[in-house]
């Protein structure tokens, strides 16, 4: 596996691979890779001849009071994960490589980004759409792999690919969880031991919602209320949002009549965690 830092070096490989008729899978990440990322890379390596993993903490998707400066980084560890999972290239650019100082062009999305995490993190999805578009242009992948834990991100990227006519298949991969149910996340490393135990309230509350749905509950108010009450049992937890939306459009629903996404964002101490599940009729 090669570790590359420049766009021009990546493009040299892409040009040769395309010349040879090889398929390319892209796994965009912000590094500090865990088993969730590993599962994306492994799937990409099974479905493509070559796999590029981008390892880039994208500054323009962070807000002014967010964790850009302290976001965990460990390139050596990431390289080991990528090598074992079958990646061909680990692309680790500096921000100055990805963005011109005087750049005036960005990729934005509307409506679908005005809810859930997008409503709480202004500008976040402009940063996501811009960096993903740039990565698509740099790597020319046949397929790109994203985790379902970031459900809104997956929906936004799928819509962007459709709207901008990218000839790329977006592959959404299942959430990978710890043994106690906590969704794998790089931000889990911020949690103290006490907070780590408390964080299981996210998956517990979602499991309760699944039980209600499995037992025939159709009223979204009742589902959300049950989640809120369950999370309220954990003293270290503070709800950011609890939402039930159409799984494709992400529009709010009041009654379960179609495939839905149940999504939550919860602060455990000062650490904001997200989780979700999709329930199909």
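Heads up, the Cβ atoms here are built off N, Cα and C, so glycines get one too.
Sequence annotations record features per position, and here Swiss-Prot assigns active site, proton donor to 37. DSSP assigns residue 37 (active site, proton donor) to a helix in the three-state reduction.
Taken from Swiss-Prot, the feature ATP binding site covers 30-37, 147-150, 176, 184-187. Sequence-distant neighbours of residue 186 (ATP binding site) (same chain, 6+ apart, CB under 8 A from its CB) are 30, 31, 32, 33, 34, 71, 72. Look at residue 186 (ATP binding site): DSSP puts it in a helix.
For 61, the entry in Swiss-Prot reads beta-alanine binding site. The number of other Cβ atoms within 10 Å of the Cβ belonging to residue 61 (beta-alanine binding site), over all protein chains shown, comes to 21. DSSP assigns residue 61 (beta-alanine binding site) to a helical segment in the three-state reduction.
Under the heading (R)-pantoate binding site, Swiss-Prot lists 61, 153.
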Based on DSSP, name the secondary structure state of residue 176 (ATP binding site): helix, strand or coil. coil
From 61, 148, 176, the binding-site residues whose CA lies within 10 Å of that of residue 37 (active site, proton donor): 176
Close in space, distant in sequence - residue 153 ((R)-pantoate binding site), Cβ under 8 Å, 6 or more apart: 125, 128, 146
Rank the binding-site residues 30, 33, 176 by the number of other Cβ atoms within 10 Å of each Cβ and report the first-ranked residue. 33
